[in-house]
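Heads up, the thing below is written out as structure tokens.
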Amino acid sequence: MKDDHDAWEPEELVSDNNSSENELQEDQNSSITFLPPSVNKSNPAKSNYYHSTVTDDISKSQPYRLGVDEAGRGPVLGPMVYAVAYCPVDFDLTNYGFADSKTLASLKREELLKLICNKSNELGKNVGWSTMSISARELAAGMLRYRNKYNLNLQAHDTTIDLIKKVYESGINVTEIYVDTVGPPISYQEKLQAHFPQAKVTVTKKADSLFPIVSLASICAKVTRDIQLECARESIRTENWGSGYSSDARTTEWLKVNVDKIFGWKGDIVRYSWKTAKDLLELPSKSQSSIEIDWHEDDDTPTLNFTQKKKPNPASRSWFGSEFYF
């Protein structure tokens, strides 16, 4: 059975387990020992969608429970990865050692994801999972819109809804949904329940430590993000940039040392909407790393030409380079 690989963006990104193994064999200098199918090694800075379902011998019409969690909400570097995982309601996950991904060592997380990817064992047969990696560029593009800013909570909500919809579209009969909350849990639960009335929705804090299916989703998200970030680091051949969080001295030092005074950072891996990055580029009084640029606006003087439409202005003052219009 073939897993589905699509890009959330127009260009299709395709990878599979065999190509992942070949890439690792070819790159002997890589520190990556396991490349999950949810990571697009050839373009790790791009948004990417991945879906793997249960095996054909597992009935899709039986009741399923589904969990949702994310990784990388707070860092200034890399993608935010949302993951859903699902299994039959009567399949017991408790014996496999799932826990909140943040409480597990990285090697343990990778071992568990390897088990899930292996369709020859009972866990791999009964578990389906999907990830959506939202690139740093896409996150920043939404948050830096001139009008109708697309904040992180809305992006998270929409991604969660899209991922769950795709599971239903694949034929899985989801009857229980468990979500680690983003924002107030009550209003978020009501929102999801309205979208998915056929299931019982539970949204709560610390869901990743309360429900094994959310813990499983947490592992899928965390391993995907960690390896995707390392692939990005290797692709631009840069030194260790730490955890990617602004509180990490290695990360902030990397940002300061590697910023271009005009173009920012290479690799599309920095979230330009984060204060740490914005301060280095937009506040010369606080940082000497940037060059202040005066953007000339179009003349808004009214004319008598009522038939010619004004061409929209690209939001070029946004440093990350995404071409959206206002």
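A Cβ is built for glycine as well, from the same backbone N, Cα and C atoms used for every other residue.
Feature annotation from Swiss-Prot assigns divalent metal cation binding site to D69, E70, D180; the stated evidence is similarity to another entry. Positions annotated as compositional bias 'Polar residues' by Swiss-Prot: 15-47. Marked as domain 'RNase H type-2' by Swiss-Prot on the basis of sequence analysis: 63-286. As annotated by Swiss-Prot, region 'Disordered' applies to 1-47.
Each residue in V68, A71, Y82, A83, V179, V182, A207, D208, V214, A217, S218, A221 lies on the same chain as D69, E70, D180 and has a C-beta within 8 Å of the C-beta centroid of that divalent metal cation site, without being one of the site residues. When secondary structure is read from DSSP and collapsed to three states, E70 (divalent metal cation binding site) falls in the strand class. Set side by side, the binding-site residues D69, E70, D180 differ in how many other CB atoms lie within 10 angstroms of their CB, and the most is found at D69.
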